[in-house]
Amino acid sequence: MKPDAHQVKQFLLNLQDTICQQLTAVDGAEFVEDSWQREGGGGGRSRVLRNGGVFEQAGVNFSHVHGEAMPASATAHRPELAGRSFEAMGVSLVVHPHNPYVPTSHANVRFFIAEKPGAEPVWWFGGGFDLTPFYGFEEDAIHWHRTARDLCLPFGEDVYLRYKKWCDDYFYLKHRNEQRGIGGLFFDDLNTPDFDHCFAFMQAVGKGYTDAYLPIVERRKAMAYGERERNFQLYRRGRYVEFNLVWDRGTLFGLQTGGRTESILMSMPPLVRWEYDYHPEAGSPEAALSEFIKVRDWV
């Protein structure tokens with residue numbers, strides 16, 4: 001079947017609506033929408049929930065950009081894209097909760113297609129979701145990864161393990177020699193066996209995110225915490241900023257190609273702190289995190 005960009009766009013718009021409704025149902029606060037246009041073609045809907053009952057900040061962004069030619073930074077790695085018009089669309093979100101016992105979460109699903117007359121289109125899907133806890137709870141990690149594994153199963157026995165490994169490899173801070181969190185799923189360049197199969201998998205990942213995340217939020221959101229836990233959360237959020245600005249391909253691509261800066265940086269935590277040569281107290285719950293986020297088989 002020929003790739004149907006319109007069908008993908010409708011799914012993504014509906015996914016943004018659904019996720020925002022689900023997060024509002026948990027939090028009570030509403031999202032504020034900011035629609036924007038891109039000079040070169042396309043635009044998007046950025047939605048942000050700030051200072052809610054549960055979430056300090058949640059950003060859910062839809063974008064659909066198109067143009068007559070790919071930027072040079074993109075065609076350098078993929079010469080087959082030169083001379084083609086393109087469309088890129090996706091939903092990307094990050095949720096930063098108030099409570100340090102509730103993990104930060106990130107999800108993204110996207111579709112890209114490049115066409116020129118007389119040639120087959122070049123297209124692929126990408127996406128995934130990952131979890132960044134500040135305090136480790138095994139039952140939460142198992143639930144997160146079990147949900148990821150279960151949504152992958154209809155698409156093949158090895159799909160979960162392959163995309164879990166890709167996620168572990170991708171969300172890694174080389175300069176710290178540590179994982180960003182406990183991972184989840186990450187996939188890119190997905191275009192086989194056919195459009196329908198790949199689109200169905202992208203939909204499963206998009207819908208699976210809230211199944212994986214919201215039960216954890218409900219379990220942890222009322223746990224009592226104090227200044228110590230909050231300070232540790234803000235310190236660990238620094239790793240999130242470091243990863244996004246130093247290693248994340250999507251952030252770098254967006255900033256280098258004249259993307260909308262406000263939407264690209266919507267993933268940043270609203271408050272964060274760094275402390276020179278900080279080491280948590282030995283034997284403390286804070287010290288246990290470094291072991292908890294090491295790569296392992298959760299299910």
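Even glycines carry a Cβ here, placed using N, Cα and C.
The following features are taken from Swiss-Prot:
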type: ACT_SITE; residues: H106; note: active site, proton donor
type: BINDING; residues: S92, N108, V109, R110, G258, G259, R260; note: substrate binding site
type: BINDING; residues: H96, H106, H145, H175; note: Mn(2+) binding site
type: REGION; residues: 240-275; note: region 'Important for dimerization'
type: SITE; residues: H175; note: site 'Important for dimerization'
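Structural mapping of features recorded in Swiss-Prot.
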residue	record	DSSP (3 states)
S92	substrate binding site	strand
H106	active site, proton donor	strand
H145	Mn(2+) binding site	helix
H175	Mn(2+) binding site	coil
G258	substrate binding site	coil
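Counting same-chain residues at least six beyond the ends of the region 'Important for dimerization' (240-275), those with a Cβ under 8 angstroms from any Cβ of the stretch are 34, 36, 38, 40, 44, 46, 48, 50, 56-57, 59, 61, 63, 65, 71, 73-74, 92, 94, 96, 104, 106, 108, 132, 171-176, 180, 231, 234. The least crowded of the binding-site residues H96, R110, judged by other CB atoms within 10 A of its own CB, is R110.
A simple way to gauge crowding: the CB of H145 (Mn(2+) binding site) has 22 other CB atoms within 10 angstroms, across all the protein chains here.
H175 (Mn(2+) binding site) is surrounded by 9 other CB atoms, counting those within 10 A of its CB over all protein chains shown. Sequence-distant contacts (6 or more apart, same chain, Cβ under 8 Å) of G258 (substrate binding site) comprise G40. Neighbour count (other Cβ atoms within 10 Å of the Cβ, all protein chains): 21 for N108 (substrate binding site). Counting only same-chain residues six or more apart in sequence, the Cβ atoms lying under 8 angstroms from the Cβ of R260 (substrate binding site) belong to W36, R38, G44, S46, S63, G254. Between the CA atoms of H145 (Mn(2+) binding site) and H106 (active site, proton donor) there is a gap of 14 Å, rounded to the nearest whole number. With respect to H175 (Mn(2+) binding site), the closest of these recorded positions in Cα terms is H106, chosen from S92, H106, V109, R110, G259. A gap of 22 Å separates the Cα atoms of R110 (substrate binding site) and H96 (Mn(2+) binding site).
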